[in-house]
Amino acid sequence: MSNFPLQNGVLHAEGVPLPQIAAQFGTPTYVYSKAQLLDNFAGYARPCAGRDALVCYAMKANSNLAILDLLARQGAGFDIVSGGELLRVIAAGGDPGKVIFSGVGKTVREIELALDKGILCFNVESIPELHRINEVAGRLGKRAPVSLRVNPNVDAKTHPYIATGLKASKFGVAFSDALATYRSAAALPHLDVVGIDCHIGSQLLDDAPLLEALDKLIELIDTLASEGIVLHHLDVGGGLGIDYGAGDAAPVPIASYVERVFARVDAWRADKYDGRPIKVIFEPGRSIVGNTGVLLMNVEFIKPGEEKNFCVIDAAMNDMARPTLYQAWMDVQPVTPRQGEAVTYDLVGPVCESGDWLARDRALVVEPGDLLAMMAAGAYGFTMSSNYNTRGRAAEVLVDGENVHLIRRREEPAELFALESLVG
Ligand code: LLP
């Protein structure tokens, strides 16, 4: 059953009617369902129970402290891409010992911070980065745990902006260079070579490319072991997609994918790896939070045009960048559906850009003052929002049954220029 049900003609978040949230907190507002969040996490955690496995939530998808706290309490680790994200994990009560640090451009200060806090592993993406981490660790008198992000050259068949495992990608070490890079890493005195990882892309509805990438990692682990480089963990990355309601094929259910990963890993360990232990790490982002949230917005004006009709809403590309950035199709539903003849609209925001649209060619029965909800907006929504046009970022609210928690208040305009100063 959906955690955003239409009940008595009104869209709800769990037990709370969305108009009540709009009245209390205004719009645009991101509204999250706690039950959905925990359910998605359990999709990963349940098949991991009793195994040497860790779910490191890719917090770039949604890094609100309340979300991190709820996941940390379920035992989640975190996949981070900046020192700022590490500080968020700690502020939310997460365990730095369950943090993996991804990204192609880690700075010296970020590496120092991560070593100081004792993270689980650096996912290293290049030889210069290996040298930098080695140098910083040596200076601090520490050993840095590292994994290499290997680029398995698998086609994730997703939008080019979010496909990351191909040869032309800036990410990872080429599969053909991996062995040599591992040898260099093993020779550096202040590094512990502990793992291997990959991440081939995002919004994958089929898990076949993910499993193909896993097979390539396994092949490499065997080769490394034969050279005496024995790894302790295998990180399969993130990437599992969600249903955006666009009529695409249904995504593979989380637990089925996780079970398929374990089936492959178990068969290989028994067959070829002499039953040696290896921890399996997952880095899911979107599949944990995507369908956990909606973006609640208000219709300001209806503007008929010569070629197009516009429905002007109070949310904009600064609140939700996915449509204009990736031509992503996001489902938009009326909060209180009306009877009547539908008109086809482009849903546009108040930002001064032609690219400021959230949905195109949608048949809706709407009037000014109506509320709309963009569905499945919980991932890469708020975290990619900006203050363009000096627009304060949206409020964020988490619903738990009948209870509503404000987990981030709306930004006030004065806060947006509070860090600036005049010259004279
Ligand atoms: N691990 C690494 C190293 C990543 O780069 C990412 C996402 C993930 C895990 C999590 O991937 P997920 O499970 O969420 O697919 N803003 C884009 C998506 C960018 C994904 C970036 N990396 C969007 O809105 O579609």
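Glycine is no exception: its Cβ is also placed from the backbone N, Cα and C atoms.
Checking the candidates Tyr244, Tyr257, Tyr380 against TrEMBL: the one annotated together with Arg286, Arg322, Tyr326, Glu353 at the substrate site is Tyr380. TrEMBL lists Glu283, Pro284, Gly285, Arg286, Tyr380 as pyridoxal 5'-phosphate-binding residues, and of the candidates Gly228, Gly239, Gly340, Gly424 the one it assigns to that same site is Gly239. Cβ neighbours within 10 Å of Glu283 (pyridoxal 5'-phosphate binding site), excluding its own Cβ and spanning all shown chains: 23.
Here substrate is bound by Arg286, Arg322, Tyr326, Glu353, Tyr380 per the record. The longest Cα to Cα distance in that group is 27 Å. Closest in space to Arg286 (pyridoxal 5'-phosphate binding site), of the recorded positions given as Lys60, Arg322, Tyr326, Glu353, is Lys60, taking the CA atom of each residue. Note: the pyridoxal 5'-phosphate site is recorded as Gly239, Glu283, Pro284, Gly285, Arg286, Tyr380; in the same chain, Ala58, Ala61, Ser202, Gly238, Leu240, Ser287, Ile288, Ala379 also have Cβ atoms within 8 Å of that site's Cβ centroid. A straight line from the CA of Glu353 (substrate binding site) to the CA of Gly239 (pyridoxal 5'-phosphate binding site) spans 31 Å.
A Cβ distance below 6 Å to any atom of ligand 1 is met, among the binding-site residues Gly239, Arg322, Glu353, Tyr380, by Gly239, Arg322, Tyr380. Compared over the binding-site residues Tyr326, Tyr380, the count of CB atoms lying within 10 A of a residue's CB peaks at Tyr380.
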